[in-house]
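Everything below concerns the one structure shown next.
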Amino acid sequence: MTTVAGYSDAQLQELGLDPAKLPQHIAVIMDGNGRWARSRGLPRIEGHRRGVKSVRKIVEECARLGVGYLTLYCFSSENWKRPQHELNLLMSLLKQYVIEERSEIMRQNLSFRTIGRKEGLGEEVLAEVQKTIDYSRDNTGMCLCLALNYGSRGELVDAVQTIAQKVQEGTLNPNEIDEATIADHLYTRGMPDPDLIVRTSGEMRVSNFLLWQLSYAELWVTDKHWPEFRQEELHQALRDYASRDRRFGGLKG
Ligand code: IPE
Ligand code: IPE
Ligand code: MG
């Protein structure tokens, strides 16, 4: 199996990146596909299609940089409010991506997973997603996590329900519930919290994304729309990230 060669430390330095200061987990709110298309007189779906190209570029670049986890917000639980024709197109694009990307995911040795609720996604999409998860199960490279039909409040509701059931069954003592218990019942179980969250298209909000997990993530927002977000913008985000002083409530280190 061919895998993607990573950058050497010297190459990273040439890009202005410090290998010791790269985030382990990057989460991205890929916003602005519609605005990108509108500004060019194109239908919204063209923005989504072009957005898939950015996904490919950014996934490969993150893997090459040696990032451990990349979580991409693809479809929120609130996005069902959109017109049916846009939903149909988004779902078919998602299915197409998961099928077409399977060989790339294997080539790049990525482990693929998703977060979010299955309900509503459609059997065909779910079957293709599952196939890709199964194929990539033994891969040891970067974890590519797609947030599909994801909402953070819904995730917390699901976690509380499971925890409450365990308490009711007598398998969990309420006094022993701590932060780790909650983290273990979120869809992101087993993943480290994001260190860096990137949002494209300028909005200064988190739109129900990873509310628990983002507690100490560094925020980075760009006015660029997702379809025009490429390696250069990613490197810029990483350079800014490296210059931040993360204190976690303590004092300057
Ligand atoms: C992000 O782009 C993709 C999804 C939310 C599915 P948008 O479709 O939200 O684009 P804008 O925000 O309308 O420009
Ligand atoms: C956030 O974008 C969700 C995704 C990128 C999938 P939205 O376009 O749905 O966010 P709002 O509606 O502007 O908050
Ligand atoms: Mg949007």
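Keep in mind that glycine also has a Cβ here, set from the backbone N, Cα and C atoms.
What TrEMBL lists as Mg(2+) binding site is ASP31, GLU218. Taken from TrEMBL, the feature active site applies to ASP31. Feature annotation from TrEMBL assigns substrate binding site to 32-36, ARG44, HIS48, 76-78, TRP80, ARG82, ARG199, 205-207. The active site, proton acceptor annotation in TrEMBL covers ASN79.
Here the binding-site residues are TRP36, TRP80, and the one ringed by the most other CB atoms within 10 angstroms is TRP36. ASP31 are the binding-site residues among ASP31, TRP80, VAL206 whose C-beta comes within less than 6 Å of an atom of ligand 2, given in sequence order. The binding-site residues near ASP31 (Mg(2+) binding site), taking a 10 angstroms Cα-Cα threshold over the set SER77, TRP80, ARG199, are ARG199. Applying an 8 A CB threshold to same-chain residues 6+ apart, the list for GLY34 (substrate binding site) reads ARG44, GLY47. Listed in sequence order, the residues of the same chain lying 6 or more apart from ARG199 (substrate binding site) and placing their CB within less than 8 Å of its CB are VAL28, ILE29, ASP31, VAL206, LEU219, TRP220, VAL221, THR222. Checked against ligand 3, the binding-site residues ASP31, TRP36, SER77 give ASP31 in sequence order as having a Cβ less than 6 Å away from one of its atoms. Around the Cβ of SER77 (substrate binding site), the number of neighbouring Cβ atoms within 10 Å comes to 20.
In three-state terms derived from DSSP, GLY34 (substrate binding site) belongs to a helical segment. Long-range Cβ contacts of ASN79 (active site, proton acceptor) within its own chain (separation 6+, distance under 8 Å): LEU87, LEU90. Comparing GLY32 (substrate binding site) with GLU218 (Mg(2+) binding site), their Cα atoms are 21 Å apart once rounded.
Geometry remark: GLU218 (Mg(2+) binding site) versus SER77 (substrate binding site), CA distance 24 Å. Among the binding-site residues ASP31, GLY32, GLY34, ARG199, the ones whose Cβ sits under 6 Å from an atom of ligand 1 are, in sequence order, ASP31, GLY32, GLY34.
Non-local contacts of HIS48 (substrate binding site) by the CB criterion (under 8 A, 6+ apart in sequence, same chain) comprise ASN33, LEU89, LEU90, LEU93.
Secondary structure at HIS48 (substrate binding site), as computed by DSSP, is helix.
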